[in-house]
């Protein structure tokens, strides 16, 4: 960034991205330009208040059309188009956030991601079609990408730490070389594991008639886990390689850790150990395809007024493609998510009393999470309705039934109701703080009349002795009996 202007970086990133798309997909690469161009035209021609609605419909509609033709006509780079759809809708929704909403209407995350001005055509195509992410992503926020192009994340972090971290000078741009080498090593191991074990435990054997008829149920459970475990390394390989490519270009810097070492996980798409050791459905999903999960959360979950969980899973299914197995996976995911949430809120507190109980709980929930994930995702791998339903019938839909019963027996109140119940507990504390403010006015200035309802000082009457020597204590907490707040002493206020 310190040697090249942002304009040159935008041009090079865009032209190389278009070249890579043409090289890999031929003339089908025009879909990238066409979808991006239509969406940009809508952004320019429609008002800020409504452009997100039109653009979401157009982007998802165009993607769905391509998904259907992929299934029934021909195959081409659909994953790249899905990444492009994420980029387009993220940019549009955060343009709405930045240009149509007031600051006090945004949460902290939205304030950081809000786009305050309309991107130029070059910036727009550079963000959507840059060579680092056009083939395999990962998705990133527009502000993070522009900060990378302009070199501001490095300068911002140096200013935060005054150029030093743990006494070490950080005046130069941090080098990603070590992190790139580590991620390339992870890619090599993942590819080696996938090529060596994927044929040993094929997923299709889970629906083989002889296998179902001859193997005991516990053996089917173990084989399901092993067969689905062997499918993950290909995702580890692709996403880690994409992350390494972005890091090698300088994109992905996320500040420094506690040891003063640079972090390169800003756009990382997975955390392998957290996935394999996940003890809940949520932890697994939070560490799998992270950037797409962020997109779903920011575009759908945080903005949907009704049933955000179901809406998010439905959007995820539409985004993934037109195969029926995708919809079976995400419909199952809704049920399991509700059940997992109910168990965590109602059962987990009983196991936090001792480390031994907590360890037992973690072991049980790890096994349950891994089996639930495999049970949920197998239609995603099988793709078709017939084999997927055949598998579920061989398991008697047991996890579906169990999760529905758990969600009914152990209900969890909606988030807005839980927040509403917390308000009465907060209100007395606010009233006490208001009384403290009144008391400080009285103690410092003499007698005064204060209106808590309007937070306005209506009248201040200085006592006749305000300027005379006094033997009264100067600390508001010294004589607790004489103060209106004496009744609250020892309740934690001010402690």
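Using the three backbone atoms N, Cα and C, a Cβ is placed for every residue, glycine included.
According to TrEMBL, the feature transmembrane segment maps to 12-34 (among others).
Under 8 Å from some Cβ of the transmembrane segment (54-73) lie the Cβ atoms of residues 31, 34-35, 38-39, 42-43, 46, 81-82, 85, 88-89, 92-93, 299, 318-319, 321-323, all in the same chain and six or more residues away from its ends. What TrEMBL records for 54-73 (among others) is transmembrane segment.
Here TrEMBL flags 79-100 (among others) as transmembrane segment.
Annotation comment: TrEMBL describes 325-343 (among others) as transmembrane segment.
If you look up TrEMBL, you'll see 363-382 (among others) marked as transmembrane segment. Within the chain carrying the transmembrane segment (363-382), a Cβ under 8 angstroms from the stretch's Cβ atoms is held by residues 203-204, 206-207, 221, 224-225, 227-228, 231, 277-281, 283-284, 320, 324-326, 328-329, 332-333, 336, 340, 388, 391, 395, 399, all 6 or more beyond its ends.
Listed by sequence, the residues of this chain that lie at least six past the ends of the transmembrane segment (394-412) yet keep a Cβ under 8 A from its Cβ atoms are 207, 212, 220, 332, 335-336, 338-339, 341-343, 345-347, 371-372, 375. Under the heading transmembrane segment, TrEMBL lists 394-412 (among others).
If one looks beyond the transmembrane segment (12-34) by at least 6 residues along the same chain, the residues whose Cβ comes under 8 Å of a Cβ in the stretch are 62, 66, 76-77, 80-81, 84, 122, 125-126, 128-135, 149.
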